[in-house]
Amino acid sequence: MAKIETVVFLSLVLDLFAFTIPLPLFPRLIEWYTLRESSNPTGFLSRTLQFVSSVRGTFYKPDTHHQRWDVVLLGGGLIGSVFSTLQFFVSPKIGALSDKYGRKRILLITMIGNILSAVVWIQSTTFATYMLSRVIGGLSEGNVQLAIAILSDVTSPANRSKALAHVGIAFAICFCIGPPIGAYFASRPVPSNSWGPELNIYAAPAILSLVLLVAETAFLMIALPETLGKGAPGEEKTRLSNGKDDSKPLNKYPFEMRIKILKDLRTLHFLFLVLFSGIEFTLTFLTFDLLDWNNVQNGKLIGSIGVVSALLQGGYVRRSISKVGEGNMARRGVSSCAIALVFLAILPHYVGTNPSISMKLLQAAAICMAFTSATVVNSLTAFASLQCDDDLSADIGKKGHPKIAKGKALGEFRSSGQLGRAIGPLLACASYWTFGPSLTYAASAAAMVALSFNMKSIAAAKSVMDE
C-alpha cells in the first residue's frame, strides 16, 4: 500500500501548507481590522476588544501594560480557541461518519468546507466575516484525523508507527515553508480595483490557500481509493523474508485494557497540548511584545522549528520509534519541552541587558520545541492507533466494540488534543498577564516535569509489536 501512503502524504502537505500560511499573520491582521473598525464602538470587533480589555483591567491598571496585548490575545488566543473548540466537538463525529460511510467520501465533504472557508477569508473585510471563515474551517477540518485513519486501515501493526511518522513529517515540512511564504505573500497585497469587491488585506495568502485546497481536493478525487475495511496487505498471512518470519504479533490486549489505554492516552494528549499550545501561542506573543518582531521574523522562527522537526522526524523518530517504543519516545519529547520552558523563563531577564544571550536562549528553546514537535503527538497517535481494531473482523469494531473502531477512536483522541489547544492559549495568556512571562514559563516547566513523571506507566507499556 505504498501508493496510498504516498497519496496521503502529498495530500497532507497540500492541506497543511494551506493551514500554516496564516499563522504568523494573526496579530497584524487584527491590527488592520482594529484600524478599520475603530470608529464603530458597537461593532463586533470593538465589543470583543472591550471584553478583552475588561479582563485585562481586572489584573492591571490601563497604563501598566500596553494595549497591544489585547490585539495579540484576540489575534491568536480567541481565533485559535474558536477553531480548536469546534474541532473538539466535530472530530469524533467526522471519525464515526468515516467508519460508516467511508474515509474518502467524508474527506471530500470536509474539503468542500475548507474551500468555502478560504473563499470567505479572501473577501473578509470585517472581523465578523473573518471569524465566520474560521468557524467554517473549524467545523470542516478533518484531513489530519482521516489521514491517520486511512494509514491505519492499510498498514499492519508492525509498520504502523513508521507510516504515521509521515503525518509528523508533513507537519514539519509545512511549518518550514508555510509561515515564511504566508509572510512573504502578506507583503505582496493584491492590487485594488474599482470594479470588483474589496478584498482582505491578506487576500494574496488567502488566494494561495484556496488554490492549494482546490488542488488537494482534485488530487484526492483522482488518486485516493476507499480504504475502509480493506486491511493491510497480507495481514492475515505470515510473511516470510529470507526464510524467516518477519511478521509482528497483533495486539493481544483484551478490549477492556485497550479502552483504558485509549482513555489514558486521551488524557495525556489533552494535558500535554494545554501546556504546549500555550507555549506556541505565547512564543509569538513574546517576540511581538518584547522584541517587536514583524511577520517575516515570526515566520522565520516558526519555519526554523519546522526545519529541525522535519530532520528529526525523518532521521531519528521514524528509524528509532520501533526500538524506543511509542511511550518512551513521547516521554522524551515532553522532557525536551520542559527544558525549552526553562530557557524561555530565563529569556526575559536578558532582553534589555544582553540581547545576544536572549537570542541564544530563544534559539535553544526553539530547538527543544522542534524535538517535542517531532515526537510527542506523533508517538501518542501511533500508540492510540495500535489499540484499535486491526486484528478484528471488518464488522466487529462496529458491532461489538465501537469504542475501538478506528475512525471514532482516533477522532476522540484528536478531539482531546483540540480541547487542549482551545484552553491552553487562554490559560497561558491569563498567566502571562498576571505573573509575567518568567513565572508563566517556569510554572509550565514544572508542570511538564510532572507530566513526564506521570508518563512512566505509558512509557513502560508494551506496544503491539513488543512481546
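Using the three backbone atoms N, Cα and C, a Cβ is placed for every residue, glycine included.
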Need the matching range: TrEMBL marks transmembrane segment on one of 357-377, 420-440, and I'd like to know which. 357-377
Select from 300-317, 444-461 the stretch of residues annotated by TrEMBL as transmembrane segment. 300-317
For the transmembrane segment (199-224), find every same-chain residue at least 6 residues outside the stretch whose CB is under 8 Å from a CB in it, and list them. 4, 7-8, 10-11, 14-15, 17-18, 21-22, 25, 29, 32, 104, 107-108, 111-112, 114-115, 118-119, 121-125, 130, 150, 181-182, 185-186, 188-190, 192
Under 8 Å, at least 3 Cβ pairs, sequence separation 6 or more: does that hold for the transmembrane segment (163-187) versus the transmembrane segment (329-351)? no
